[in-house]
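Right, one structure below, let's go through it.
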């Protein structure tokens, strides 16, 4: 009995359409985020994360409309991240029906933004997204640094120190992505996940690198993650959310099944 | 005339989720999101949601007179459902924000989860965020069609303690045992978010719309 670990499918959305390919085996057009979110909801996903990769200003209104449509039909928590820079961005997303908002590069550019956001809207809805990359040599003790611009731009910030600082400023949750593992299907960076999870008092979502169901188990048991986020293994029907939950439960992890 | 269900809007957080979920399960009732004390008093049922910090919540309720509207709804015997901070606001006192006196509908105290460890000795994360089991403390029409120990979605750093067991409709364990649902007469309040708890949550909201205390 107790709190279940969470499985969170992640959708990349551009101008109101799911991109980076979501292709359920038995559905032809899976480009509508509402349809995809409903499918994951019905499959037992514990939350949905929606990453807005829309570049244009007009596209942002489409995003709000999409969030509204999802929120009126999907009754599990919804986190929206991507391009969140101002308190008004946050207010608009929450009003549209997001439960949590992910802040990434805006936190690096102006850490006080996280403090203001948590004070205004409450820590429970402020998720700080961290993109980290290993910068230590094999012979050295592990050290990870924060990168922005999709892993291209180093910031000089130590990932563990940064995560601690963000929770001091009021972040209610950390979404941790290993830039070394993202897209590799080689599994989470377990040492990174463990280092951050042990360092902060708030829940940590592990992300980046999931290629099979054992990776999800490792993220929780070895990495100490409170939730695991994955995209491609679910999008292409390799594994269903139900299968993942059963697998994790059989490994002794408390799940909502 | 169809029934009116008022969702109290006092400017705190996301009320749309509660409204949308109620609309999903309503059968003929009108869901009205409102901050108007008279509309709230006139409604047939009232939902009192809330997120954020308790000091701001209580402050706004007192400034706008909505605290009195809530008392009147309760005194009139109309069904009232408190959610999350809405439940905490119904207690006597909260230790959040260096101590805040709340509405005192129930005698409970709202306490910080604090530094706690799980069975394995690792530190428990706060906020308590995610799906946890609710052990039903009593038979109640609000639990109709919901399995004992069903999971609901929680997100909170403070929890209700010090209630007498005969008013605790549901318990939850997270480092300590706390009240996940409380009830007296026409009032039912839950710490979790039924509007974000998938089927179990929607069933609870549907039960509320039918509840005849």
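Each Cβ is built from the backbone N, Cα and C atoms, and glycine gets one as well.
What TrEMBL records for B:7-209 is domain 'Glutamine amidotransferase'. Annotation source TrEMBL lists active site, nucleophile at B:84. Per TrEMBL, active site is recorded for B:193, B:195.
In the predicted model, residues of the domain 'Glutamine amidotransferase' (B:7-209) average a pLDDT of 93. If you take the Cα of residue B:195 (active site) and the Cα of the residue listed as 'active site, nucleophile', they are about 11 angstrom apart, rounded to a whole number.
Cβ environment of residue B:193 (active site): B:17, B:83, B:84, B:152, B:153, B:154, B:155, B:201 lie under 8 Å away, each six or more residues apart in the same chain. Neighbour counts were taken as the number of other C-beta atoms within 10 angstroms of each residue's C-beta; across the active-site residues B:84, B:195, the minimum falls on B:84.
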